[in-house]
Amino acid sequence: MIKVLVIADTHGQNQRWIELKNYHNPDVIIHAGDHMTTKQFMDQNATFWVAGNNDSIGNEIEIFQLGQINFVLMHGHQAPRDNLKKWYQLLVLKAQQYPCDVLIFGHSHIEYTNKINMIQLINPGSLQLPRNQTNTPSYCTFIVNKDELTDLTIHYYQASKVS
């Protein structure tokens, strides 16, 4: 069993990220870009991470496997975001260039989970600059059991529940 924490769009403000790391004690931390911090910090605090459109370090795409599940990680700025529904489809097309069961991305600052063309999409939203309807910071957790992703949950950050 692998416990996973997914965050994105922290924009150089890392306090909540570290709080969540300590609170959830995950086996794996995934950051979907716009971290705006140093490589040293990223390497110490994220297992897998990519560069966003505001980052000067990191790869555009990371391909990895947890258990028997194939992941594609990208920020999301690799496709135009004029219309969210169309944007999701374009990101799936990009992810399908690789073995992909799960696509993790950020960029919109809006949390989202859905399955498109047999690919599980996960956008954790933003821990610092949310653009969801309630302007509430968000992140995601899930568990990998061999070939199964379970307990996929979008969480809304509340300092009182993590400190």
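Cβ coordinates come from backbone N, Cα and C, glycine included.
In the record from Swiss-Prot, residues Asp9, His11, His109 bind Mn(2+) 1; the candidate from Asp27, Asp34, Asp82 listed for the same site is Asp34. Swiss-Prot names Asp34, Asn53, His75 as Mn(2+) 2 ligands; from the candidate set His24, His107, the record adds His107 to that same site. Apart from the site residues Asp9, His11, Asp34, His109, the chain places the Cβ of Ala8, Thr10, Gly33, Gly52, Asn54, Gly106, His107, Ser126, Leu127, Gln128, Leu129 no farther than 8 Å from the centroid of the site's Cβ atoms, the recorded Mn(2+) 1 location. Across the structure, Asp34 (Mn(2+) 1 binding site) and Asn53 (Mn(2+) 2 binding site) place their CA atoms 6 angstrom apart. Comparing Cβ neighbour counts within 10 Å across the binding-site residues His11, His107, His109, the minimum falls on His11.
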